[in-house]
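Q: I have a structure I would like to understand better, so I am pasting it below and will then ask my questions one at a time.
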Amino acid sequence: MSSLLQGVNLYLIGMMGAGKTTVGHLLAQELGYGFLDTDNVIAQAAKKSINEIFAEAGEAGFRQIESDVLAQVCSYTKLTVATGGGIVLRRENWSYLHHGLIVWLDVSVDILYARLAADTTRPLLQDDDPKGKLRSLLEQRTPLYSQADLRICVNAEETPEQIANKIMQVIPSVLKQTTAN
């Protein structure tokens, strides 16, 4: 598989709580790739949590830092990259993402809410109606997420290993399509 990918990065996109980091680690191991989580890179570089960055710089400031990190990441190869849920909001980020294969982990609001209900580290969910906020964010972002090279629909029963296997099985067909064009 990694010879078929020829070092091309995999970028995992999708909502917070979709499983990008967990599945990304598994894909990296399977491919012999390195793994990066853009939120972790941002937090380590800033020596602050994502919550603190949001509080100090606002969402716009955070999104700029996120774009700067993505610009640097795309210059590397053989990486599986878990991105922040809102990385698709900035047009410039798509030019970076298109350096690799973009995989959308498509997860329903109900599953996301079940996974995130107790998570207090998500600044965009500090809302009176977190489930409604998730629904609103997903509605806003779905047209953007749908631009991915590969859409993986995730159900509640699937394990991260099953999701990673599903991705590995369909990568060859996506690569054939992109090389044929």
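Any Cβ shown, glycine's included, is placed from N, Cα and C.
Under the heading ATP binding site, Swiss-Prot lists Gly17, Ala18, Gly19, Lys20, Thr21, Thr22, Arg122, citing sequence analysis as support. Taken from Swiss-Prot, the feature Mg(2+) binding site applies to Thr21, supported by sequence analysis. Summarising the annotation, Swiss-Prot assigns substrate binding site to Asp39, Arg63, Gly85, Arg141 and lists sequence analysis as the type of evidence.
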Q: Give me the count of other Cβ atoms within 10 A of the Cβ belonging to Asp39 (substrate binding site).
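A: So the number of other Cβ atoms within 10 Å of Asp39 (substrate binding site) is 23.
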Q: I need the most crowded of these binding-site residues: Lys20, Arg63. Count other C-beta atoms within 10 angstroms of each C-beta and give me the top one.
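A: The largest 10 Å Cβ neighbour count belongs to Lys20.
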Q: Starting from the Cβ of Gly19 (ATP binding site), draw a 10 Å sphere and report how many other Cβ atoms land inside it.
A: 24
Q: Please classify the secondary structure at Asp39 (substrate binding site) using three-state DSSP.
A: helix
Q: Between Gly17 (ATP binding site) and Gly85 (substrate binding site), what is the CA-CA distance rounded to a whole number of Å?
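A: Gly85 (substrate binding site) has its Cα 9 Å from the Cα of Gly17 (ATP binding site).
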Q: Give me the CA-CA distance between Gly19 (ATP binding site) and Gly85 (substrate binding site), in Å, as a whole number.
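A: That separation, Cα to Cα, works out to 11 Å.
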Q: Going along the chain, which residues six or more apart from Arg141 (substrate binding site) have their CB under 8 A from its CB?
A: Met15, Gly85, Gly86, Val88, Leu89
Q: Record lists Asp39, Arg63, Gly85, Arg141 as binding substrate; longest Cα-Cα distance in Å?
A: 18
Q: Same-chain residues six or more away whose CB lies under 8 A from the CB of Thr22 (ATP binding site)?
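A: Spatial neighbours, sequence-distant, of Thr22 (ATP binding site): Pro160.
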Q: At a 10 Å cut-off from the C-beta of Ala18 (ATP binding site), count the other C-beta atoms across all protein chains.
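A: Here the count is 24.
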Q: For Thr22 (ATP binding site), what is the secondary structure state per DSSP, taken as helix, strand or coil?
A: helix
Q: Under a three-state reduction of DSSP output, how is Arg141 (substrate binding site) classified: helix, strand, or coil?
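A: Helix, per DSSP.
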Q: Measure from the Cβ of Thr21 (ATP binding site) and count the other Cβ atoms within 10 Å, all protein chains considered.
A: 16
